[in-house]
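The domain 'Myb-like' feature in TrEMBL is assigned to A:8-60, A:61-111. Among the features that TrEMBL reports, domain 'HTH myb-type' is placed at A:8-60, A:61-115. Positions annotated as region 'Disordered' by TrEMBL: A:155-215. TrEMBL lists A:186-195 with the feature compositional bias 'Low complexity'. Taken from TrEMBL, the feature compositional bias 'Polar residues' covers A:198-207.
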DNA sequence: AAGCTAGACAACCGCCTATAA
DNA sequence: CTTATAGGCGGTTGTCTAGCT
C-alpha cells in the first residue's frame, strides 16, 4: 500500500481562494521555489505541498502568459507533439509562458479535435485511411510528387493550420483501419512517411534534444 | 426561468525518478 | 546497496460556465 504524499485529513481540495494564493505568493517571494512540503506547515495552508507547487507553476508564476494560444504557438504544439508525443512538460518548455497543464488541456480540448476534423489521427499524426487512399489514387493516376506537394486532401487554410506545419509530416494511419492490409502505402507515400512520434524515422541514437533541434 | 449539456480549465491522483541518508 | 523522501510528470476527474432547449 502506497503511502499518500501527505496527510489528506483536513486538507482543502477545492479551488484556491485569493487569500490562499496571496499566502503562497508571499511565501515564495520570501523563500523562493522549492521545499514544497514545508509550505503548508510554514504558512498554515490546508494544502499539500504538491498542490502548492501545482498552483504556483500553473497559475501564480509571474511569467505566465495566459490567454488564447497564438497561431504560431498552436503550430509549434502540433509539431512538438508529433515529435515527442504526450511529453507535455517538454512541449511547454518550448513555449515561453505556457505550462504543461495548459498545453495538455489545450491539446485535449482543441487541437486533438481540430486534427481529427481534418482527417488526421491526433495520436499518431497520420492521415486517416480515407484521405490516404485519395492520395494513393492520385499518385496511381499519374500525379507526380510535386503534385503531391500541392495536393490538399483536407481543407487546409491558415485559419486551421499553417500549410507548412504538421500536416506536411502526416502519413497514412494504420491504427486499426487496415490501410496496410493490401498495399504498402508507405512505399507509395515516401514524402508522407515521416512518423516523428517514433524513433524509427530518425537515426538510431537520436536524442530528444536532437529532435528538438530539427524544428 | 429552469434544467440540461458540452466545453474549458483547474486541480488531484498515482506512478516514476532522483537523491540523500 | 537499500530505503525513504521529495519533486515532477501525465492521466484523469471535478467544477464552473455559456449556450441551448
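Backbone N, Cα and C define each Cβ position, glycine as well.
Curation does not apply to TrEMBL; its annotations are automatic.
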Tally of residues which DSSP labels helix, strand or coil - the domain 'HTH myb-type' (A:61-115): 36 helix, 0 strand, 19 coil
Residues in the domain 'Myb-like' (A:8-60) grouped by DSSP into helix, strand and remaining coil: 32 helix, 0 strand, 21 coil
